[in-house]
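Here is what TrEMBL says about this protein:
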TRANSMEM  30-48  transmembrane segment
TRANSMEM  60-79  transmembrane segment
TRANSMEM  132-151  transmembrane segment
TRANSMEM  271-291  transmembrane segment
TRANSMEM  303-322  transmembrane segment
TRANSMEM  334-354  transmembrane segment
TRANSMEM  401-426  transmembrane segment
TRANSMEM  438-459  transmembrane segment
Amino acid sequence: MPKGFRSFVWTAVSYQLKDRLKLSPSASQLFFSVAFFPWSIKPLYGILSDCIPIRGRKRTPYLVIATLLSLFPWLILGLNASLRSSQVPLMIFLTAQNLGSAMADVVVDAMIAEAVRVEKAAFAGDLQSMSWLAMAVGGIFGSLLGGYALTNLQIDTIFLLFSVLPAMQLLSCGLVEENSVGSRSLSELDNLGSSNGNVSTSDTDIFLAEKSNVSTTRKRTNMNKKTGTVIKVTSETFQKGRSVPFQWFHSLKLAVYSLCRAFRQPIILRSMAWFFLAHITVPNMSTVMFYYQTDFLHLDSSFLGSARVVGWLGLILGTFVYNRYLKHMKLRRTLTWAHIGLVTLGILDMILVSRLNVAFNISDKLMVLCGSALADAINQLKFMPFLILSGQLCPPGIEGTLFALFMSINNLGSTLGSFVGAGLASLLNLSSGSFDNLLLGMGIQVICTFIPVGFLFLIPKDATGLSA
């Protein structure tokens with residue numbers, strides 16, 4: 001739910017960039033792309049939480065650290081007007097805030113993946129659906145309250161109010177039950193190779209292990225010139241003082257090997273390649289459309305908040321439709337229909353920009369509401385099968401790392417798609433006062449939406465959301 005409620009404050013950030021900092025649509029989209037980059041390196045947080053326990057625990061300490069990073073930027077920005085009104089400091093603090101949010105998301109995803117792995121496939125879908133439902137409920141409340149807050153409150157007050165949520169999350173960390181892992185993480189990774197029966201231990205891994213054993217069991221003999229006595233240094237003495245770092249290194253090495261073995265599975269490698277290409281080949285014009293809706297159509301913040309509520313309802317609808325009717329459909333077919341739907345929505349945006357809807361007495365608000373709801377529903381239909389599948393395929397011991405890798409590749413593709421969208425907006429000279437070429441930009445986006453369909457051969461032919 002906290003992840004969805006972020007819409008409460010990030011809508012205010014959009015208005016801060018547009019109205020206070022006077023950024024162009026392309027500059028604003030570039031700003032968001034940089035600020036959200038921490039979501040693209042989530043495997044780093046996963047490796048840390050999986051392989052380096054803090055005081056014997058893999059999840060709770062990292063959740064506390066992440067929550068602190070999520071809390072303090074909003075407090076500082078809310079209390080300091082100069083930092084809030086300067087582009088570079090604002091970007092730094094928002095990037096730090098996203099670092100904390102992304103790290104917390106990794107920890108929660110790892111907990112979900114651990115639960116999914118031990119349950120049946122059907123329940124896996126239900127568990128993921130519950131997670132998305134909670135996020136959607138948070139998004140609904142965040143969008144409703146965010147629209148109201150922008151109309152009645154100052155930006156600094158909104159930032160300070162939102163800081164209450166990570167503060168509550170920090171208190172709730174004490175309610176998370178987690179057993180001490182001790183050296184269990186290392187033993188799990190040591191046994192991971194045997195749990196993946198179709199993959200053998202790499203020659204490099206064996207060589208490094210044997211080399212380590214030889215070096216740690218060998219006794220070094222030195223002759224003291226004066227006494228002639230032999231000084232023996234056993235492996236126990238040799239390793240003393242560095243056993244914990246050595247164990248961390250060994251755990252990290254095994255995690256990387258296990259991650260590579262899991263990622264080489266065709267259902268993982270080829271599917272993630274498709275999702276990455278699906279993002280970078282379609283320019284993201286969402287920020288430009290936000291400027292168009294506010295500056296040209298003059299839609300107020302309260303209405304746009306309501307539009308986001310409809311979008312979150314569309315996400316819930318997409319989750320329900322997938323779990324009720326599309327679980328057993330081949331992924332290729334599901335993704336093909338999803339992109340046909342996205343092309344249709346792109347055409348609706350072109351109708352809105354060209355003002356053809358006015359000729360047919362269709363209001364701008366109705367067009368925006370329908371487009372928002374259907375876009376989120378279709379994107380959910382597109383993402384749900386792989387989300388569930390990735391949860392099932394996470395090997396034991398590296399749930400946080402592998403699941404974070406799935407999500408970060410998707411986020412990195414989305415970030416690069418935003419860069420492409422920002423470049424296209426700059427190339428077409430789109431600004432808050434000039435939308436003459438926006439119709440052309442939307443046409444290019446619609447054409448590009450067909451490109452990922454041509455790469456569907458990357459998706460295994462018989463893959464569904466319930467089987468690899």
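Note: Cβ is positioned from N, Cα and C throughout, glycine not excepted.
Long-range contacts of the transmembrane segment (132-151) within its own chain (CB-CB distance under 8 A, at least 6 residues past either end) are made by residues 1-9, 11-12, 15, 157-158, 161, 300-306, 308-309, 311-313, 315-316, 319, 380, 384. In this chain, the transmembrane segment (334-354) does not touch the transmembrane segment (30-48); fewer than three CB pairs sit within less than 8 A of each other, excluding pairs fewer than 6 residues apart.
Residues 274, 278, 289, 292, 326, 364, 367-368, 370-371, 374-375, 378-379, 381-382, 385, 435, 438-439, 442-443, 445-446, 449-450, 452-453, 456, 459, 465 of the same chain sit 6 or more residues outside the transmembrane segment (334-354) yet have a Cβ under 8 Å from a Cβ within it.
For the transmembrane segment (401-426), the residues of the chain that approach it from at least six positions outside its boundaries are 24-27, 29-30, 32-33, 36-37, 39-43, 45-47, 50-51, 105-106, 109-110, 112-113, 255, 259, 262-263, 268, 272, 275-288, 383, 386-387, 390-391, 393-395, 441, 444-445, judged by C-beta separation under 8 angstroms.
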